[in-house]
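K.L.:
According to Swiss-Prot, the protein carries these features:
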ACT_SITE  D245  active site, proton donor
BINDING   R58, G59, A60, R101, Q204, N255, K256  substrate binding site
SITE      C165  site 'Transition state stabilizer'
Amino acid sequence: MNDSAHIDYARYDHIRPLLWTGDALELLDQRKLPFEVAHVRCDSSDAVAEAIHSLAVRGAPAIGIAAGWGVVLAARDIAADDGSAALQKLEPALLRLNAARPTAVNLAWALMRMRRVLGAAGADWREVIAREAQAIADEDLAANRHMGALGAALIAPGSGVLTHCNTGSLATAGFGTALGVIRAGMAQQRIAKVFAGETRPWLQGARLTVWELQQDGIDATLIADSAASHLMKSGLVQWVIVGADRICANGDTANKIGTYQLAIAARHHGVKFMVVAPSSTVDMATASGDQIEIEQRDPGELFGVGGVRTVADGIHAWNPVFDVTPGDLIDAIVTERGVIAQPDLARMQAAFGA
């Protein structure tokens, strides 16, 4: 039942947020969804960095993929006889890309892959980095489809699920992480009902997740973030399924702000909590969530909705955009390498090494 062959990908996997045209990176502008489908054309690495920072492209896997193509674009501006020489000249562009969003480990991971292959490349270094950027995207899509099947297998038929933020095709190379599990669960008739939190302040759940599910013909119910505990108490959901921007060696998980409170509420109400992310999101070099840098964005993002100010002048705001869920509140971490139940340091080391 958990075989991915049971999934109609023509129906459940047709949205693509990134397209490499051969001379530019085209990004589906997620700031304008769902009412306008527009694209941002990036002709330089700086344009890619700005698109990442401004949330034109978002989602940990997607920004890693975008950064890979950003390196390819940066390479056009330099001359070098081999990869090692090119790497020295490209380092400023790599640093600018890495600084675009600090919390998601996939960004640094993708850039490290590009550094590694570049340093070992010869005269064909331009072709080498283009192949590596494409490989990062291809591997992410394959991982997402596999994780979808693994995660769906944990869900009893007839279950209701709640998700947070956007973890679908828009956040990845395709299919999605947590939303990939939901897509697979719907395709296999394991999931009976899907709820999505609106996800203030950027409303990724309201603007993106329910739109994605609508494109697939999946009926989803939007809730206010503050309604989640009441929903769990009602008995309508058996799983909370979320993505991740960084998973630490002990299982602590950084994800969109609001995830931590969902995990606390889920544990109180006996609702299971699943984190779905590719192994590139796992950071075994970070011992615990206390060591994660949490991105703080402009407080002005909290002052209004849809460009309309709703807050009086002179009000202060605090706007962290990620929080850390302790590993002991997580029932399962699903990666393409398998399922880690009740994650802790020993189980994480067994799956990913020290």
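Glycine too: its Cβ is placed from the backbone N, Cα and C atoms.
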K.L.:
Residues near the substrate site, R58, G59, A60, R101, Q204, N255, K256 excluded, by Cβ within 8 Å of the Cβ center?
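P.N.:
My list of surrounding residues reads I63, A104, C165, N166, T167, A171, G243, D245.
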K.L.:
What recorded positions in the list A60, C165, Q204 lie within 10 angstroms of D245 (active site, proton donor), counting C-alpha atoms?
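P.N.:
Hits: A60.
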K.L.:
Non-local Cβ contacts of K256 (substrate binding site) (under 8 Å, 6 or more apart, same chain)?
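P.N.:
Same-chain residues close to K256 (substrate binding site) (Cβ under 8 Å, separated by 6 or more) are H164, C165, T199, Q204, V242, G243, D245, V321, F322, D323.
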K.L.:
Using DSSP with the three-state reduction, classify K256 (substrate binding site) as helix, strand or coil.
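P.N.:
DSSP assigns K256 (substrate binding site) to strand.
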K.L.:
May I ask which residues of the same chain, at least 6 positions away in sequence, place their Cβ under 8 angstroms from the Cβ of R101 (substrate binding site)?
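P.N.:
Result: I52, H53, I63, L107, E295.
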K.L.:
How big is the substrate site in terms of the longest C-alpha to C-alpha distance among R58, G59, A60, R101, Q204, N255, K256, in angstrom?
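P.N.:
Between the outermost Cα atoms of R58, G59, A60, R101, Q204, N255, K256, the distance is 17 Å.
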K.L.:
Tally every other Cβ atom lying within 10 Å of the Cβ atom of Q204 (substrate binding site).
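P.N.:
So the Cβ neighbour count for Q204 (substrate binding site) comes to 26.
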